[in-house]
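Going by TrEMBL, these are the annotated features:
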- ARG69, VAL70, VAL71, ILE72, LEU73, LYS74, LYS91, GLN113, GLN148, SER149, TRP193, ARG203: FMN binding site (BINDING)
- 42-164: domain 'Pyridoxamine 5'-phosphate oxidase N-terminal' (DOMAIN)
- 180-220: domain 'Pyridoxine 5'-phosphate oxidase dimerisation C-terminal' (DOMAIN)
Amino acid sequence: MSEPELIRDVVRGVPVFPDEMPFFDPGAAPESPIELFFTWLRQAVADDVAAPHAVTLSTVGDDGMPDARVVILKDLTQAGWQVASSSDSPKGRQLRANPAAALTFFWPAVGRQVRIRGAVSIGTTEENDADFQRRHPVARALVLAGGQSEVMDSRRVLDAAVDEQVQRLEAADGIASTTWTVFTVAPDEVEFWQADQQRLHTRLLYTRFGAGWRRELLWP
Ligand SMILES: Cc1cc2nc3c(=O)[nH]c(=O)nc-3n(C[C@H](O)[C@H](O)[C@H](O)COP(=O)(O)O)c2cc1C
């Protein structure tokens, strides 16, 4: 019998960063991390980074344990980074009980990571509904069916619940969700991380300072 394959052999030698990466001069960084994020996001889109708007949202549960999952960035305003989910999902409950979160973007094709930490606020009824109405009909039906992350008895139960809600949505315009929520992470700290082939990565940390931001380099 052959030796079982070791994970360390599978991952060893797999490249993490491309040979060519964009140059990042932290000395020329703008005063606001929101402005720099826009620049980096636009560059990620231009450089064909897959799903640059996919972001890991980390929260803390009642038991003090961290939890994390990937969501989609919906918008970025001067108030902060916006993501959306059901308020009765595990993340929604965690954010209601402990309105603080971290967001982590990783853009492999450009060797960049952005980390955001801050307090979380929930959208107004109008903001939540506007985002809900922009969703694909099946995605809306799924939210109306509820139960995200609960144990599911069978796929048939899911299909029946979604069908029922799709029919409701087809029968009437503008049906709203009572749970769909836009969460805004207001940044206290934002870190921009640029990989370097020699591992001398460049890290720039923005920390809120009065009405503005303090900028500091971090040891890689
Ligand atoms: C690329 C990607 C995008 C996702 N976007 C969202 C999203 O915007 N909102 C959401 O509620 N779940 C999204 N999900 C699903 C979540 O990762 C997660 O499975 C779900 O929200 C349940 O999380 P929870 O049990 O921690 O509440 C996405 C998953 C992936 C892989």
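For all residues, glycine too, the Cβ spot is worked out from N, Cα and C.
Note that TrEMBL annotation is computational and uncurated.
Annotated features, which come from TrEMBL, shown on the structure.
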residue : record           : Cβ contacts under 8 Å, 6 or more apart
ARG69   : FMN binding site : THR56, LEU57, LYS91
VAL71   : FMN binding site : ALA54, VAL55, LEU57, VAL83, ALA84, SER85, LYS91
LEU73   : FMN binding site : HIS53, ALA54, VAL55, TRP81, GLN82, VAL83, LEU103, PHE105
GLN148  : FMN binding site : SER85, SER86, ASP88, SER89, PRO90
TRP193  : FMN binding site : ARG112, GLN113, VAL114, ARG115, HIS201, THR202, ARG203
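Annotation note: LYS91 (FMN binding site) sits in a helical segment as assigned by DSSP.
Residues from the binding-site residues list (ARG69, LYS91, TRP193) with a C-beta closer than 6 Å to any atom of ligand 1: ARG69, LYS91. Here the domain 'Pyridoxine 5'-phosphate oxidase dimerisation C-terminal' (180-220) has, by DSSP, the following mix of helix, strand and coil residues: 0 helix, 29 strand, 12 coil.
The Cβ neighbour count for LYS91 (FMN binding site), using a 10 Å radius and every protein chain shown, is 24. Within the model, the domain 'Pyridoxamine 5'-phosphate oxidase N-terminal' (42-164) shows a mean pLDDT value of 97, rounded to a whole number. Per DSSP, the domain 'Pyridoxamine 5'-phosphate oxidase N-terminal' (42-164) is made up of 44 helix, 43 strand, 36 coil. Counted over all residue pairs in ARG69, VAL70, VAL71, ILE72, LEU73, LYS74, LYS91, GLN113, GLN148, SER149, TRP193, ARG203, the record's binders of FMN, the longest Cα to Cα distance measures 36 angstrom.
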